[in-house]
Every structure is written in C-alpha cells, then in structure tokens.
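> Residues or ranges marked as transmembrane segment by TrEMBL: A:21-38, A:58-79, A:118-137, A:143-163, A:203-222, A:234-254.
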Amino acid sequence: MADLTAYRAVLASRVRAQTTYRLSFGLDLLGALLVGLVELAETWVVFSQVDVLGGLDFGGVLLVFGLANICFSVADLLVGHLDRLPRYIREGTIDVFYLRPQPLLAQLVTSEISLRRLTRIGVGVAALVAGLVANEIPDPLRAAAVVGLALVFGTLIFCALFVSAAGCQFWLVNGAEFTNAFTYGGSYAASQPTSVFGTGLKITFGFVVPAAFVGYLPTLVVLGQPGPALLPAWLAWFLPVAALWSCLLAGLLWRAGVRHYQGAGG
Amino acid sequence: MPGAVVEVDRLVREFTVREPVPGRRLRRRARRVRAVDEMTFTVGPGEAVGYIGANGAGKSTTIKMLAGILVPTSGSVRTCGLEPIGERRTLSRRIGVVFGQRSQLWWDLPLSESFAILGAIHRLEPDALASRRAELVEELELADFWSTPVRQLSLGQRRRAEVAAALLHRPELVVLDEPTIGLDVLSKQRLREFLVHERRTRGTTLLLTTHDMGDVERLCERVLVVDHGRLAYDGTLSGLGATVAAERILVVDLAEPVADLQVPGTRHLGSEGEGVRQRLAFDPATTTAAAVLTAVQTRAEVRDLSVAEPDVEDVVRRLWARNRAVGAGGRPGSA
C-alpha cells in the first residue's frame, strides 16, 4: 500500500515535530489534563448537591463521562485539527492539498495529529474504570460488549461530527464558533445523562446528532436500567447504525462543502 | 491541437460578490463578477508561456481551473489531456505548481524531511527520488541549508526550495505563479537560469504569471496578456516588444526648471517640480539611453538620472489604451 506510506510519512513528521520541544510538549499535555480534570470536577460538584441526576447516581455518571470523554478525545486526537480548515481556506493553503494525488479529506486528516489529547484520554479512561468499579454490574459480559461497541462507534460518531463541522466551514469561513457548538456541544451533551434534557433535546442528541449513543445508552445497558421513554436502553445495540448515520451525514456535508469551494454549486 | 498540454476553450469563471447596499446597513446585494471571460488559448508541449496582466486580471483563477482547484462556470479546460476536476489526482502527478505566496513545505521541518515526505506523497521509487533530489539540490544550490528548518530560511532560499518541491516528481507541465516576487536580483537570476536549464534538458512546458518583465524576457517565447479576464494579446514577446514592451523610461533631474523637453526619438511622459524632473520614454531598438542623455544635455544641465524598465502593468495599460484607440474588440498582434 504505497498510498499509506504518504500518510505515514506526514504523521511521523508531525509526531517528531511535536515531541522535539520537550517542555512545550509537556505543558501541552498538562493543559489538556487540566481541562479534563476541570470537567470531571464540574460533574463531581453537581453531585455534592444532588444524589441522583437523570436517573443516574455519581457512579453511573462517571461511566457516561468516561465513555464520552474517551471517544471525544480520541476523535479530537485523530481529526480535531480539521477545525483549522477556515485558516487554510483564508490563507489559500488549501490549494496546496488539491495539488497532491490523495483525496482531500484523507490528506487533511493526516496532516496533523494532536498528541496533547493523550492526557485527556487518560482522564476519560480513569473515569470509566472508576465507574466500572464503583457500580454493581448485573451482567459483566453484556457490559464488556456494550462498552467495546461504545468506544469504537462512539469515536466514529465524534469523528463524523468533526468532519460535518469542517464541511460547513467551506461556507462559513469564519464560522468556527458556530460549528464548535456542534463538536464541543456534542461532546458536552454526550457526557451528561441524556434523560435530564427536555423532549426536543432528547430527540436532537438521541437521533440527529446521536450523542446519547456514546455515553448514556451504553451506561444504561451496563447498569441494567431500562431507560426513559424516548431512549430505551436496547437502543445502545444500534450504535453501529447511529455511527453509519453520522458518517453519511458527514460525507454529504463534506462533499457539498468541497463542491461549494470549487464553485460547482455557487 | 492534438497533444496540447493546455487547452482552454471559451473558459468563463464567475464569482458572486456580496456588497453592502448604500444607506441600508444590513442589506447585501449579490453581484456576479466575471474573473475569466471567454478565454481561449492552447499551449503546446515544451512551450514557455508568460501569462501576464494586472492584479485581479484573472491570472490565478485561470491557473486554479487548470490545476483542478476551481470548476469553470462555462467553457472547457484540459490539462495534459486530462479533465482537471474529474481527474485531479492523476493530473497532480503530471503537473507541478509553485504559488509565490503559499508554501507546500512544512515550516517546522528541514528540507531533507520535507522532500522524503513529498517523495512518499508522489509515490516515487527510492532510486528515482534519490537521483532527482540530487539533481535539484545541485542545480538550485540547496545543499547549504538542507538540514535547516524551513522557518529559518531566507526568502530566496525558501523560494528555491519551493520550486524544487514542485518539480520533484518530474512534472511535464510546470505552472509558476509569481515565482520571483520579492526576490533580489541575484536570486531572480539564479531561479531563471535553473528554469531555462530544466526546460532545455527535460522539455518541460512552462506557464508562468508574473509582474516582472525580466521574467518574461528571459524565460518566455510567447506571451499571453490578460486584462479584465479577457485575452488582450497572444503572440511572441518580440511582437509585444515592437509595440510597447521594450520601451525604457529615462528620468532626469535637472539643475533648474526647463520647459518640457522635446527630444527626437522619445516621448515626453511628464514633468515634476516645474520641469526639474522630467520623464522620457524611448525605444532601445531605435536609440540608446546615452544618445537620449546627450540630447538632453545640450538643453539643460543633468544632475541625476535613472533608467526604468516598464513593469507589466505599464505594458498592459498601454496595450489596452492602444487597443481602444484602434477600435474596440480588436486583438492586436494575434499570432
């Protein structure tokens, strides 16, 4: 696969470049760690006031938080740098990617890798492990299966969300704030028990931007809870479908964006 | 033309510009602007073509359509016999593009690493990569800064590296967008010599946009002048030179104010400071700067002088003015 050599060569150089300056790399890692810890602390503060939130206790919410954070951070590490697209478009550097014999999206995704997210993934893993230890799990086998499913397809859902946001950037050039509302907002929604939201938001994060599939629904399966009216626990087994839907949406938005940039539609 | 490297036929590209409506703060009016207007030309294999025109004349837009970055609004374009948009990835292996203002190198990596990555991107065999790289390092004199991160290179060094990067995969068509912009005389000279050599040894087709008449004179046999998206001239450089391009401008500072100088074989362009500084245009094919100066000295004492080459903007402006004088729609000197 000669094609993969090209991507590997770029990525390897990015890793080298980021790790060359030890101190700055260390500070990057520390910064990401602090962000993760602050978010965890936020959840913990809520539970110092209440015992149960949206049907889950602190142990349950730790599971939601852990799953959502791992998936989001891995996606951010892999494709988060797509949010630089507006800069590439403004400065015209996007043109350089058009002059290379690889697909545009594949080039952009492999043009960078945000290693500093590693510590944030660490926070997510710690929360997930703590959640699994703290809770009584009726069926460990089912729990393992659904957690595995959530980690793989949840990451895919967030990757798709980043690509969708980038696709919109071709129109919005300065709209990074707007699309961040979907990526970071989606991450926030995923790390909350979806049951706390009203019906409108439940549908939005259950079925349009399927954030509930990442943390909340798998947690219900792990804990053996039935779930609320609109979001029954068994939906968690449809994670691959939710991921497929996200990817389809992302593909359409990206294609439309590229077409718009090239001017076929405008 | 069979085997043409670039074939452009009635190419049109429009953009939508949104501009504020006077008096209505929040309203925007959409207006269609033609950046490229019914452009038709062909470039054969091995030709060296200067594509010149003022800022905003539509040069970069045309190049982007040739390279598969922009879709034409109408008309057709074929590059290396391929459809640029549909066959972009195949085309990218056969053309090399240097944008004077944007980099395809990695700013935090040394050239040694950048070229290894580019080799992988273009899937060059290790042997082919090594021999081509050695060639480029030698001819463009990259060896001294081969291990320095790109961000620490001077403008001239970086530009040479950019040209090497675009030519690494031995493209048959090389498009250069303002290749010498901002470079000092020596760096310009070096880059031009390299391009002449590359073309002579490999038969590479060159298409370059520039504001520098020196680039055109030393690199191109054929000139396309574009103005407001339209082709204003297509022909040899000497054909263009015979009309307007070859003019030089002598600027003289005189000891005291003198009435506008009338020197045979020159055109008086203007006077400043009541005639202390005067500008005379002359054609070096019919007279010399020395002869003009001698003639001036018979009329006034010369304190200082300079000779300027017209830039591309001058050429286009005069070509266009003459065009209109001859009659609208005419294409002077069509070859």
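Cβ atoms here come from the backbone N, Cα and C positions, even for glycine.
Unlike curated records, TrEMBL annotations are generated automatically.
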> With pairs 6 or more apart in sequence, are the transmembrane segment (A:58-79) and the transmembrane segment (A:234-254) linked by at least 3 Cβ pairs under 8 Å?
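When sequence-distant Cβ pairs are counted, the transmembrane segment (A:234-254) does not touch the transmembrane segment (A:58-79), since fewer than 3 lie under 8 Å.
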> Under an 8 Å Cβ to Cβ limit, what residues of the same chain, 6 or more beyond the ends of the transmembrane segment (A:234-254), are close to it?
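Distal contacts: 105, 146, 149-150, 153-154, 156-157, 159-161, 163-164, 166-168, 206, 209-210, 212-213, 217-218, 220-221, 227.
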> Mind checking which residues reach the transmembrane segment (A:143-163)? Cβ under 8 Å, same chain, six or more beyond either end.
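Same-chain contacts beyond the ends: 67-68, 70-72, 74-76, 78-80, 82-83, 105, 128, 132, 137, 182-183, 186-187, 190, 209-211, 213-215, 218, 221-222, 236-237, 239-240, 242-243, 246-247, 249-251, 253-254.
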